[in-house]
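Structure record follows, encoded as structure tokens.
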Amino acid sequence: MSLFTDGADAEQDEARSRGRRIGWLLLAVTVFGVLAMAVLPSPYVIERPGPVFDTLGSVSVDGEEVALITIPTEPTYPTEGSLSLLTVNVLGNPEAQPSWFEVAAAWLDPEQSVVPLESVFPPGLSTDDRREQSRIEMENSQQEAVAAALRAIGEPYESRLYVVEAQEGGASVGILEADDVIVSIQGEPVRDVTALRAAISENGTGSPVVLGIERGGRERTVEVTPRLSEGTERVPVIGILVAGDYEFPFEVEIELSNVGGPSAGMMFALGIIDKLTPGSLAGGAEVAGTGTIAADGTVGPIGGVVQKMYGAVDAGAEIFLAPAENCGEVVGSIPDGLDVFRVATLDDAIGVLQTVADGGDRGALPRCGS
């Protein structure tokens, strides 16, 4: 064998050896990458369709079926169809974020959304804090729903707005206290959250708002300078949780545990109206919807509207009521088989349902993008 041949063989052996080393290196990098995607947390949470509850139906409590909405002292009327509220399951929290594998899978699934962690859990807000906040929001939404429903059917009631807490680090710390009653803002009487938020938003962050309050039975005036809220929606806030204190002419009981947030308000209100009035509000149609509600009937935006549309389809709904302010997310994301209508007020929602019940022209009803 010649020296030339020996040299060529050596070079080939070295090339093969180098190729094997590169191959092993690439395999190691790939394995490490896969393990990292499976183990390392991401800075996101994943929103998925959650349970669906018919406000005209029942829920299970300690193994027993009870009506979701009960009005013990008032005559109620049989109805047909469904008026379902929708929920979103959130995978992830500040203590345990989803893996990159889970995030990648969610990106490929139209029923799921990947959103930044801080959009759901603002900095400094723990899982327990968010859970308590959601509980308070749910309680408030039920009270606002009763108020809005009674207003819609012409039933009078008394109301006032009070402070639940001044949020830590917020603009109202040291100025407002729990149980303060907010009587006015900028000299104008205020009775509901919608009016309060609108006045704060109109004022902006450059100057203080003047609040008339009652504390311990005595009236006083305080000033609070709004700040921009944390998270993705940067709006002027004064850093308080508030609730309506209502005196209703009769009791409305809503049974729904382990669900938080304010987004079921509109559907609660529609369910109450349907029970208190003769006939079927939607004429027996299968309806689902979402949106916050204020005592004056204003329907507000919510999170996870795309997931809720898919949840509605999975539950067999044919009609979906979407808050007008969520239309930007609705357009282009409507699942097949779902008729989606835009509503800005409770009266809008009632109008849609009456048109559906009467067999009217659905094409004339307001939709997102039109």
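Glycine residues also receive a Cβ, built from the backbone N, Cα and C atoms like all the rest.
Here TrEMBL flags 24-46 as transmembrane segment. TrEMBL lists 135-217 with the feature domain 'PDZ'. Look at TrEMBL and you will find 257-356 tagged as domain 'Lon proteolytic'. If you look up TrEMBL, you'll see Ser263, Lys308 marked as active site.
Here the Cβ of Ser263 (active site) has 28 other Cβ atoms within 10 Å, regardless of which shown protein chain they belong to.
Helix, strand and coil counts under DSSP for the domain 'Lon proteolytic' (257-356) come to 40 helix, 20 strand, 40 coil.
As a whole-number mean, the pLDDT of the domain 'Lon proteolytic' (257-356) in this prediction is 96. Counting only the Cα atoms, the space from Ser263 (active site) to Lys308 (active site) is about 11 angstrom. A simple way to gauge crowding: the CB of Lys308 (active site) has 28 other CB atoms within 10 angstroms, across all the protein chains here. Secondary structure of the domain 'PDZ' (135-217) per DSSP (helix as H, G, I; strand as E, B; remaining residues coil): 29 helix, 23 strand, 31 coil.
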